[in-house]
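To start, the structure under review is shown below, and the notes come after it.
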Amino acid sequence: MPFTLGQRWISDTESELGLGTVVALDARMVTLLFPASGENRLYARNDSPITRVMFNSGDVVTSHEGWQLKVDEIQQENGLLIYTGTRLDTLEENISLREVFLDSKLTFNKPQDRLFAGQIDRMDRFALRFRARKYQSEQFKLAESGLRGIRASLIPHQLHIANEVGKRYAPRVLLADEVGLGKTIEAGMIIHQQLLAGRAERVLVIVPDSLQHQWLVEMLRRFNLRFALFDDSRYIEARHDSDNPFETEQLVLCSLDFARRNKQRFEHMLEASWDLMVVDEAHHLVWSEDAPSREYQVVEQLAEQIPSVLLLTATPEQLGQESHFARLRLLDPNRFHDYQTFIDEQQKYRPVADAVTLLLSGEQLNNNQLNLMGELISEQNIEPLLKAANSNSGESETARRELISMLMDRHGTSRILFRNTRNGVKGFPHRELHQIKLPLPSQYQTAIKVSDIMGAKKSLEARAWDMLYPEQIYQEFEGENATWWNFDPRVEWLLGFLMANRHEKVLVICAKATTALQLEQVLREREGIRGAVFHEGLSLIERDRAAAYFASEEEGAQVLLCSEIGSEGRNFQFANQLVMFDLPFNPDLLEQRIGRLDRIGQSRDIQISVPYLENTAQAVLIRWYHEGLDAFEHTCPTGRTIYDHYYEALLNYLAKPNNQDQEKFGEFIDQCRQQHEQLKQQLEQGRDRLLEMNSNGGEHGLRLAEKISEYDNDTELVNFSLNLFDIVGINQEDRNDNMIVLTPSDHMLVPDFPGLPKDGCTITFDREQSLSREDAQFISWEHPIIRNGLDLILSGDTGSCAVSLLKNKALPVGTLLVELIYVVEAQAPKRLQLTRFLPPTPLRILMDLKGNNLADQVEFESFNRQLNAVNRHTASKLVNAVQKEVHAILQQAEGLVETQAKSLIEQAEQEADENLAAELSRLEALKTVNPNIRDDELEAIEANRQQLLLNLNQASWRLDAIRLVVVTHQ
């Protein structure tokens, strides 16, 4: 095409320069000025990477003054274009705009505009865009959204609870599973689901001081949720950025003490518009009708303001009924307003539980029992079900399950209280204790005597604490560099134990970080034993590295030495050898130590070795834990109660281990054991088995775990992810253990890829491997790297237009095919979850010049494999040659896509209407027999249904990508 001064062109390789103007010409070169960027470029007249900008009738163009013109007619005058049409701001007709006066900041957003402007993308990017649309659409519609991407084992009861609660509007529930069953993971899954679904955006997590780090780690490692830890300094720092510091972050974690201590701070917290609050260890909130504690009042006021509340607590049997009622009162004060009414109501549910037990037994039901069933489910005709349940046919089991489901719906608190026990959940290992009694070295004996004399004024508690850790006493007198490890027999025993168990991974836990560091040095220097250290002084990344070093099978550490605080929130199920170098002060910490290995998914029995020094507080404590509480070999739900009750007596025995009457101490142990047995029996009798059945999920939980497990083997995810990393420009380094190291490169599509750390990260597509390797992130469709990658591709114009060659001798050379990808979508607030029914859905059309749609006959992937790439310059020439034909095809395609899109929208409307109407009528029917269904929940479902149908009715479609395919024989 001949050049003329004033013509407008665009650079094929530097589209960010905007619209260029021809300002100089000679026989061989042409100069373009790009006013938007102030740049000049010199190009050869022949074969330059620039494209003439020519708009068509129907296009809207912008003048350099800012007004817009809808083009009706195009004329040429001396090689320059004049656009004539209607000015959109004044509606004047027959207004002319010369191309030289077009806005230089012009960008091409529509795929067809980019194609005609020569901004043609690579073929592989077009394919990636289509796949991204397809996969994203499929993921939105899956019912298990929010559960599939968690970095945790697929435990049925956890999945059931998370699925049941996570999909509710403003859930307010009590999670009261026994220790070790994963309440934190359940809460994390619910948070994850609520965030992904858009039901929550701002989350507040309140935990005890000692659990802050554990929560921070669990939320980040398992759910990729980056909480901001608020303490005094963070609060003060955030005040510089906002009047309300809590509004500077969406996900906030803090301690209960932090929330309680300062009135203004608490007011800021109340005003911060949270969507969801989680309170861990909620059983420590002290309440009585006359005098609720300050901590209880803090949580109560927050719970009144925040729509969704999760309380994590001990089991109801451990709490006692009054304390249990206090937690339920936080969730729904209108429903649980009077304690005695609550007790009376609970008694009424006894027949329901008995009926379920009867159905589960499989025995024939007598007339009295049949009448009882009829009374309990009085609003429905269940005669046919009762007959089937009592028959010997194959329908009996199905009928009994349906009756059980109906009875469960009537159970008072099963909708707001979830509680599982180890008895009801299978998969836990046995625990074996090995006590290693060792002599007390003379050096320690001397140090303890001196400490007794000098510490006479110390409190009983302080002296008891000192006596538990003789190496600390020794260092106090001999200095920090005193080499206690040279004579402490526990060190010799540990060396021998590790040498004898060379092929075992061993977790060693001690109270202090200094002890762990000193032991690692001794093991390394004396026997060359590879060890990693894990303590509170390390950063998250350093802890990850230590954990990964310990987890590695080849060249990994044999032993991981942890301090008490440093081990919080980390689990090492791949190991089964636990050494307690010393003992913690209370039963909760003891269970926490064992819980590092004793988790669901542990495949071997846990071996607990405790080397202890005779005639010391350690000897007292090991006997009390083992003989008094049976706390080593079994979980001890009574531990805290007995500890609190006998606290003073226990302190006396610990503070003076040498001066005790052995007979009296034996009686003390017997007393503790008897109380332990009595409490345990009371707990067992108080178990609500109906509640356990509902919390466990049964078959539903198992099916959910199996279904998610099937997604774990998704090869499409692996192929798509690697393709995405290639095109985005992320470096990939394959490791020989099914892991990949991702690092940013200098040529990425964006300078900072969201979700990818600057120093890179290690990923795996294998769930089990991610669980055994602390440093490996588990990649799923829900991982931020993949979700951000999808958003990056689909929110921009990457791959929105391309040109390819099809080598096919069965078709004439030059045959033109146009592949069009339309997207049908509707806009709605995220909380409505419109994408469950109509996600942005791609519609593919493959047109020939005769107006035939070949998409059904020619599948995308097989077609794509037959195509060859073409360079951008040649592609621009091909586009210019067939521009007229492409416009005609686009017009024909509009009619085709309209029919398909309307059908899709109607389907979505019908599905949404039926789905939400069914949910509403189910809950309305239940409300007649179960008062725990809240009115606001019913109102929200109906309001959502109306709003969803309105939004779906306004759904539209648009062209998202276009590809020209030209047939060649070469």
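Every residue gets a Cβ built from N, Cα and C, even glycine.
Taken from Swiss-Prot, the feature ATP binding site covers Asp177, Glu178, Val179, Gly180, Leu181, Gly182, Lys183, Thr184. The feature domain 'Helicase ATP-binding' is assigned by Swiss-Prot to 164-334, with sequence analysis given as support. What Swiss-Prot records for 490-663 is domain 'Helicase C-terminal'. Residues or ranges marked as motif 'DEAH box' by Swiss-Prot: 280-283.
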Neighbours of Asp177, Glu178, Val179, Gly180, Leu181, Gly182, Lys183, Thr184 excl. site residues, C-beta within 8 Å of centre, ATP: Glu186, Asn420
Positions whose Cβ lies under 8 angstroms from the motif 'DEAH box' (280-283), at least six residues beyond its ends: 174, 183-184, 187, 205-208, 211, 215, 299, 311-314, 318-319, 323, 327, 330
Chain-internal residues, separated by at least six, CB under 8 A from Lys183 (ATP binding site): Leu175, Ala176, Asp177, Asp280, Leu312
Per-state residue totals over the motif 'DEAH box' (280-283) - DSSP helix, strand, coil: 2 helix, 0 strand, 2 coil
For Leu181 (ATP binding site), the number of other Cβ atoms found within 10 Å of its own Cβ: 25
Greatest C-beta neighbour count within 10 angstroms, which of the binding-site residues Asp177, Glu178: Asp177
DSSP-derived class (H/G/I helix, E/B strand, else coil) of Lys183 (ATP binding site): helix
Nonlocal neighbours by CB distance (under 8 Å) for Gly180 (ATP binding site), same chain, sequence gap 6 or more: Arg422, Phe428, Glu591, Gly595, Asp598, Arg599, Ile600, Thr635
Local backbone state of Glu178 (ATP binding site), from DSSP in three classes: coil
